[in-house]
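I have placed the structure first, in the form of structure tokens, so that the comments after it can refer back to it.
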Amino acid sequence: LARSWSGMTPSHFSFTLVLLWIGLLRQVDPYHVTQLIGRKLLANQTEIAIGKYNVFVPLKKECAAGCEKNGNCNQEEGRCECPWGKTGPTCTEEALPNCRANVSAIPSCGIYIPKNCHCYRQCAEVYCKGISKGDVASCEHELGQKILEPNCFVYKDKPLSEQWSTIPSATDAVDWYRTDPFTEVEKQQKVPPHNGPKTSRYNNLVLPLADCPASCSNRGSCVREPPDAKDPRCFCRKGWKGKDCSEHDAQEACWFDPECGGRGKCVGGFCHCDPGYWGV
């Protein structure tokens, strides 16, 4: 065999291998070969036995009724994919209720602007979900919490449902805390709003929404930047722009594909897909 191959050109060699491969296939039932390849290619589908042959059909799992009104039904997993800040079988539940500036605002976990302490706990529950206790520190590091040690506040004498993440005004009754870390509530250290190194860290650079045009349309934060600026301005959430964050910026909102693949519509940074489609 070695002598017979020595004088072969590369093309002759390749052709011989193909013949050998075909010869091997003839020793196997073509049906079983096809079935084996089919199992590999269609691993995410299901099969139905019909007589001698198996027929592969797409695997589609149903979502809760009403899912596609607010979210996308992932038919592979049978769950509803929700926009940011929403959760539940039909995307009608708030995942971060205390991370909103008010009942109509878009939630945010950003730690550069102080939030309500309840918000930081909810952010940790979302981002660190399923992480073992020993790995919580790495989750906090990814969130930037370990580096920045963000401060948070709690409104006095207000129920949890009214603990918003809007910067308190000078007349609001609040307690400020230094979160170290925010996943461990018992380690929160109470600090005054303005007092040297242990300050609330906003020092009038971040203001109540009411101090900005149209309260930034509940889609941003009111900031004084640069610090010596005469008037504050809106710092808009991703996907919104304009003086009062009232203009939709689709290019920034759905950065992966502003057109949502031609099978959906970008709504507030979320590709709301046509029925039968899901994903980013």
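Any Cβ shown, glycine's included, is placed from N, Cα and C.
The disulfide bond recorded by TrEMBL for CYS73 joins it to CYS63 [selected from CYS63, CYS91]. Of the cysteines CYS222, CYS236, only one is given by TrEMBL as the disulfide partner of CYS212: CYS222. In TrEMBL, CYS91 is paired through a disulphide bond with CYS82, chosen from CYS82, CYS99.
Per TrEMBL, the disulphide partner of CYS245 among CYS236, CYS260 is CYS236. Packing against the domain 'EGF-like' (208-246) from elsewhere in the chain are residues 101-102, 104-106, 108, 113, 166-169, 252-254, 266, 268-269: each is 6 or more residues past its ends and has a CB under 8 Å from a CB in it. In the domain 'EGF-like' (59-92), helix, strand and coil residues by DSSP number 4 helix, 8 strand, 22 coil. Per DSSP, the secondary structure of the domain 'EGF-like' (208-246) breaks down as 9 helix, 10 strand, 20 coil.
Considering only the disulfide-bonded residues CYS82, CYS222, CYS236, CYS245, CYS63 (disulfide bond) has CYS82 as its nearest partner by CA-CA distance.
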